[in-house]
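Enquirer: According to Swiss-Prot, the protein has these features:
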{"type": "TRANSMEM", "residues": "38-58", "note": "transmembrane segment"}
{"type": "TRANSMEM", "residues": "70-90", "note": "transmembrane segment"}
{"type": "TRANSMEM", "residues": "115-135", "note": "transmembrane segment"}
{"type": "TRANSMEM", "residues": "161-181", "note": "transmembrane segment"}
{"type": "TRANSMEM", "residues": "187-207", "note": "transmembrane segment"}
{"type": "TRANSMEM", "residues": "239-259", "note": "transmembrane segment"}
{"type": "TRANSMEM", "residues": "275-295", "note": "transmembrane segment"}
{"type": "TRANSMEM", "residues": "314-334", "note": "transmembrane segment"}
Amino acid sequence: MNTLVNILFIMIPLLFSVAYLVYFERKVIGAIQLRHGPSVVGPFGLLQPFADAIKLLVKEPIIPFRANTILFIMAPMLTFILALIVWAVIPFGAEVITENGQQIVIPKVIANVNIGVLYVLAISSLGIYGIIVAGWSSNSNYAFLGSIRSAAQMISYEVSMGLIVATVVITTGTLNLGEMVATKHSMPFWIDLLMMPIGVVFFISLLAETNRHPFDLPEAEAELVSGYNVEYSSMPFALFFLGEYANMILGSAMMTIFFLGGWYPPLKLSLLYKIPGLIWFVLKIVLLLFIFVWTRATIPRYRYDQLMRLGWKVFLPISVLWVILISGVLLFTGNLPGRGL
């Protein structure tokens, strides 16, 4: 029963967050482009997400004549479900208890598993199947080309992201996300500074992994009309849409855990520790989401060859170099996990 309550406690706010992330994005881009953004439905346009949801609910779901109906319907469901189940291992805070004179950190999470990092990477990589199936089952050249682009893009950047995550694991000595945050909090400050450049690479890779601007080539309007979801309408289209924005929030949460200290305040000041850890965690995610939106409004789209070159010829060598550099520095200074940290 407690597990069910915890799931609802996370899923309901997450779904509302996804809905209002769309509103937040439209408002921010409107302000950057000197427009009002949503302002008609409800005060300040706050009811716009509900109006959009009702519109999509009452529209007729159209299935192309030559489409594979079962796979066509399952693809958006797969994408959306995978975007949600990853949150089972994401910690939102921690409770510190003292046992036998030692402080033990207990993360506030649905499933406190010791391989949380591997779980996140595994489930995230499965998201590509929903996109590939959507493009193939639509029997549309535009949709299929968009899905192929998305597959190549996500696979290319997952290599760099995996190496960057390996760097974080080497630094902390654990695959448990809650323990990772607690370990990083107790590390010397210079290690965090050394990790910041690779954190920037990780965030840019997130933009490509989530098919966000300036790497939204799978749905480049000028070339592919709308990409892999061009044949979708009504709620199947909405599920793709919700899955994309849920992955944005998930990526921001992972960036927060790996590089921004999780639920701990940015500075080790006693006054800042009076603010609940959940608030710090949410504030950091909101800041990263703002950068997601800001990037969309200000940076032009990359060409496909530029995207591939950036992933394989720039980010991959940097990631490999940083794994070697971090390992060597930690070993030389005696800060490897289990060697005096």
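For all residues, glycine too, the Cβ spot is worked out from N, Cα and C.
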Enquirer: Is the count of Cβ pairs under 8 Å between the transmembrane segment (187-207) and the transmembrane segment (314-334), pairs 6 or more apart in sequence, 3 or more?
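Expert: Contact between the transmembrane segment (187-207) and the transmembrane segment (314-334): present.
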Enquirer: Which one of these stretches, 70-90, 115-135, 161-181, 314-334, has the most C-beta pairs shorter than 8 Å to the transmembrane segment (239-259)?
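Expert: So the stretch in question is 70-90.
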Enquirer: List, by number or range, the same-chain residues at least 6 past the transmembrane segment (161-181) whose CB is under 8 A from its CB atoms?
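Expert: Same-chain contacts beyond the ends: 89-91, 94, 105-107, 109, 112-118, 120-121, 187, 191, 195, 198, 201-202, 205-206, 209, 257-259, 261-264, 316, 319-320, 322-323, 326-327, 330, 336-338, 341.
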